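A quick write-up on the structure given underneath.
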Amino acid sequence: MEPSSKKVTGRLMLAVGGAVLGSLQFGYNTGVINAPQKVIEEFYNQTWNHRYGESIPSTTLTTLWSLSVAIFSVGGMIGSFSVGLFVNRFGRRNSMLMMNLLAFVSAVLMGFSKLGKSFEMLILGRFIIGVYCGLTTGFVPMYVGEVSPTALRGALGTLHQLGIVVGILIAQVFGLDSIMGNADLWPLLLSVIFIPALLQCILLPFCPESPRFLLINRNEENRAKSVLKKLRGTADVTRDLQEMKEEGRQMMREKKVTILELFRSPAYRQPILIAVVLQLSQQLSGINAVFYYSTSIFEKAGVQQPVYATIGSGIVNTAFTVVSLFVVERAGRRTLHLIGLAGMAGCAVLMTIALALLEQLPWMSYLSIVAIFGFVAFFEVGPGPIPWFIVAELFSQGPRPAAVAVAGFSNWTSNFIVGMCFQYVEQLCGPYVFIIFTVLLVLFFIFTYFKVPETKGRTFDEIASGFRQGGASQSDKTPEELFHPLGADSQV
């Protein structure tokens with residue numbers, strides 16, 4: 001390992017910091033819609049009354065509100081599937097810069113929806129910011145992974161998830177009645193997204209383009225070398241360049257990789273399966289059910305001030321993402337993901353017991369709070385941050401954009417399904433709804449144990465070569481890598 005490989009330079013932190021402002025936008029827009037639900041529904045009612053001279057029917061109101069929440073995920077699906085169209089043509093940094101136009105348009109639509117007496121403006125704004133966030137969930141992990149040195153790739157990749165959870169926490173705090181979650185200021189609450197967009201537009205021109213993109217996609221070796229020297233803080237970047245050139249040579253031997261090719265080619269089939277299942281393990285773990293309906297869950301658990309308990313879970317969320325940031329390069333991705341899944345399954349069982357016995361034993365409300373906080377904490381240890389950046393690690397430069405698009409689409413689709421279905425399933429199953437998530441978590445644990453490789457400390461080309469060859473040479477492996485390094489199938 002080069003001495004500079006663990007060096008954190010100012011230019012590297014500027015690049016990563018500028019990029020993860022997009023992650024913060026994703027988190028903010030995920031969490032912002034929940035707190036002001038009642039005042040926005042009242043706005044819908046007033047608008048309907050203004051147009052038609054009568055109160056809005058309750059079924060129409062429910063439909064409009066569900067659309068306002070769910071349209072964000074629909075936009076995210078479209079955006080995530082379009083990642084490859086932008087990053088290969090315009091580059092990673094320029095794609096992030098261009099997409100801020102969507103954030104500005106969305107801010108204007110949502111900010112002026114009350115003035116324009118138009119709930120259509122709000123819904124369209126939610127759709128557009130959803131497209132922006134879908135693109136961001138592809139751009140940011142890809143860019144951060146490509147500018148980071150191998151030894152710091154996991155830690156810096158976790159900053160994407162940290163940006164998301166900080167965004168959720170800011171949305172929860174800003175959404176309090178006493179701040180912006182009231183009848184007068186909710187348009188500002190939804191449109192404040194123009195601030196991080198503006199800040200990103202100021203910072204990104206000073207950030208370098210991905211050196212991998214410059215060398216492998218554009219064949220601009222001198223520019224790539226110059227960028228690497230600034231990012232690494234050293235004049236000797238020979239090893240980085242050699243690794244990228246080897247990846248480039250491998251890419252030239254491969255034909256252009258389409259999304260269909262990812263599923264057809266034996267070399268890509270296993271990594272794309274891993275990428276998709278890890279994304280599903282994040283969204284189908286039940287975490288979004290907890291965040292979407294945390295206030296109502298705390299109310300059922302008998303908490304007097306549920307909104308503050310929800311903010312408490314947001315603080316736990318942020319704190320344990322920071323913990324993951326410091327341990328991901330020591331413990332490894334696979335290990336943390338397994339710990340997170342197992343811990344969440346245990347907390348889901350506790351939550352079920354607490355909610356089921358709440359009427360007979362009022363003190364169970366305290367157990368439910370502990371279970372929810374534990375559920376959130378274990379999520380941020382592994383299933384929260386790791387699926388985002390491990391997708392970029394599993395693929396070389398050629399198939400990476402297509403793989404990120406497929407994985408992102410899987411994430412957003414499962415997010416949409418949970419958001420739409422949880423309320424109905426919860427009404428059907430009552431306190432036993434989290435048993436469903438427990439079963440899913442156990443299945444994801446089994447899959448991760450047998451199929452997911454450890455990517456810690458390995459270059460992109462080494463990881464991709466492992467899948468191509470069905471396993472690296474035994475002499476190159478650490479004891480940890482010897483144990484299911486590329487899944488059971490690869491060890492035949």
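Placed from the backbone N, Cα and C atoms, the Cβ positions cover glycine too.
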**Asked** Between N45, N411, which does Swiss-Prot record as N-linked glycosylation site?
**Response** N45
**Complete:** Out of W363, W388, Swiss-Prot lists as part of the D-glucose site with Q161, Q282, Q283, N288, N317, E380 the residue W388
**Asked** In Swiss-Prot, is F389 on the same membrane side as T63?
**Response** no
**seg_contact(the transmembrane segment (12-33), the transmembrane segment (186-206)) with at least 3 CB pairs under 8 angstroms, min sep 6** = yes
**Asked** Fewest neighbouring Cβ atoms within 10 Å: which of the recorded positions N45, Q161, Q282, Q283?
**Response** N45
**Fill in**
Apart from the site residues Q161, Q282, Q283, N288, N317, E380, W388, the 8 Å Cβ neighbourhood of the D-glucose centroid comprises I164, V165, I287, F379, P383, G384, P385, P387
**Asked** Are the transmembrane segment (335-355) and the transmembrane segment (430-450) close, by which I mean at least 3 Cβ pairs under 8 Å that are 6+ residues apart in sequence?
**Response** yes
**Item:** Contact yes or no, the transmembrane segment (91-112) and the transmembrane segment (156-176), 3+ Cβ pairs under 8 Å, gap 6+
**Value:** no
